[in-house]
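To start, the structure itself, in C-alpha cells.
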Amino acid sequence: MSGPRRGLVLGAGGVLGAAWTIGALCALEEETGIRATKVDFLLGTSAGSVVAALLAAGVTPEEQRAHQRGEVLDGSLLNDVDFDYAFGGRPPTPWPGVGSARLLASVVRDRRLLSAPVVLAGLVPRGRGSVEELLRLVGGIVPEWPRKPELKVVAMDYHAGARVALGVDSEFATTPSEAVAASCAIPGWFAPVEIGGRVYVDGGTSSIASVDLAAGHRLDEVFVLAPLAWMASPESMGPSMWMLQHWRRSLTRQLNREVEALRADGTKVTVIAPSAEDLTKLGTNPMDEHRRLDVLETSMRTSRVAVQGMRRRRTSRANGRPVRKHRDLQRHADASEAKRRDRS
C-alpha cells in the first residue's frame with residue numbers, strides 16, 4: 001500500500017526568499033524525515049521555482065544549502081555550477097514608458113485581477129535585466145520536465161494578468177529553464193520572457209505562492225513555505241518596514257484564502273512562514289545578496305523550532321489532549337507578544 005501523496009509549495013521571495021526556503025527545507029527534512037526530493041508534487045513561484053526545479057532533479061536541500069555557503073559536497077550536481085546570486089548587482093535602467101498597457105486594460109475589464117502588485121507590474125517600465133543566469137543554472141540540471149515529482153512553475157501573463165502553471169502538459173511547449181526564468185522575471189528588473197507567443201513575468205506578481213493551484217492533484221498533505229508571508233512582527237520596525245508590513249499582510253490574506261481553497265479540496269495543509277527574527281534578517285530588500293547567508297542560517301534554526309512545535313501539536317491531537325487551534329503555522333516564539341505589537 002502506498003503512503004500519503006505529499007506536495008511542496010514554495011513561494012516567491014527573491015534571493016533572500018530562496019535562502020530562507022532552503023534553510024526551512026533542511027529543517028523540515030531533519031525534523032520530519034520527509035525527503036523534499038521524494039514528494040509527489042512540486043509547485044514553485046519565482047525564487048521558489050528555482051528551488052523546486054532543483055529538487056525535481058534530485059538536488060537535495062542539503063546540496064542547495066552547501067552551494068549557498070560555497071561548500072562542495074561529494075557527487076552534488078551543483079559542485080561545478082558558478083551561479084551569481086547577486087545577478088550582477090543593480091539592474092540596468094529599464095526601458096522608458098509604461099510596462100504593459102495591455103495588462104492595465106485587462107485589470108480594467110476584469111476587476112478580479114485588481115491588486116496593487118498587478119497594477120504596479122503594468123505601470124513600471126519593462127525591465128532590461130537578463131535571465132540568462134537562471135536559464136544556464138536550471139537548463140544545465142533540469143533539461144526536461146520530470147515525471148516524478150510532478151513540477152509546476154507559476155508565471156503571470158504580462159498582457160492578460162492570469163496566473164499560469166507551466167509544466168510538461170502546458171498549452172505551449174516549454175522547458176523547465178524557460179518556465180523558471182519567466183516565473184522570476186520581476187517587472188521593472190528583468191525583461192519579460194516569451195513562451196509560445198505569449199509574454200510572462202514573475203509569478204509572485206499575482207500571488208506569493210498560488211497555493212490553490214495545487215488543488216486537483218490528489219494530494220493528501222502539502223507543506224507551504226512562504227518567505228513573503230507576514231505572520232509575525234519583526235524585532236525592529238522602521239518606516240520602510242512599517243510600510244512593507246501593510247503590503248505583505250494583504251498578500252498574506254490572499255495566501256490564507258488560497259490555503260482554505262486547497263483544504264476544501266481535501267488536502268491537509270501546513271504553512272511555514274518567517275518568524276519575527278527571520279523578518280528582521282530579511283529586511284526590506286529581497287534582492288540584498290549581502291544578507292543571504294545570515295538569512296539561511298537563521299531560517300535553519302527558527303524553522304527547526306517551528307516544525308518541532310508543529311509536531312508537538314499533532315501529537316497532542318493524536319493523544320486527545322486539547323490544543324490551541326492555529327489557522328496557519330505562525331512561526332514566532334511568542335504569539336501573544338506579536339499580537340500585542342500589532343495592536344500598539
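For all residues, glycine too, the Cβ spot is worked out from N, Cα and C.
Annotations in TrEMBL come from automatic prediction, not curation.
Listed features, source TrEMBL:
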type	residues	note
ACT_SITE	SER46	active site, nucleophile
ACT_SITE	ASP202	active site, proton acceptor
COMPBIAS	310-329	compositional bias 'Basic residues'
COMPBIAS	330-344	compositional bias 'Basic and acidic residues'
DOMAIN	9-215	domain 'PNPLA'
REGION	305-344	region 'Disordered'
MOTIF	44-48	motif 'GXSXG'
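Taking the Cβ of the residue listed as 'active site, nucleophile' as centre and 10 Å as the limit, one finds 33 other Cβ atoms among all the protein chains shown. Proximity of ASP202 (active site, proton acceptor) to non-local residues of its own chain (separation of 6 or more, Cβ distance below 8 Å) is seen for ALA12, SER46, ALA121, ALA155, MET156, SER183, CYS184, ALA185, ILE186, PRO187, PHE190, given in sequence order. When DSSP labels each residue, the motif 'GXSXG' (44-48) comes out as 2 helix, 2 strand, 1 coil, counted as helix, strand and coil in that order. Per-residue pLDDT, averaged over the domain 'PNPLA' (9-215), rounds to 93.
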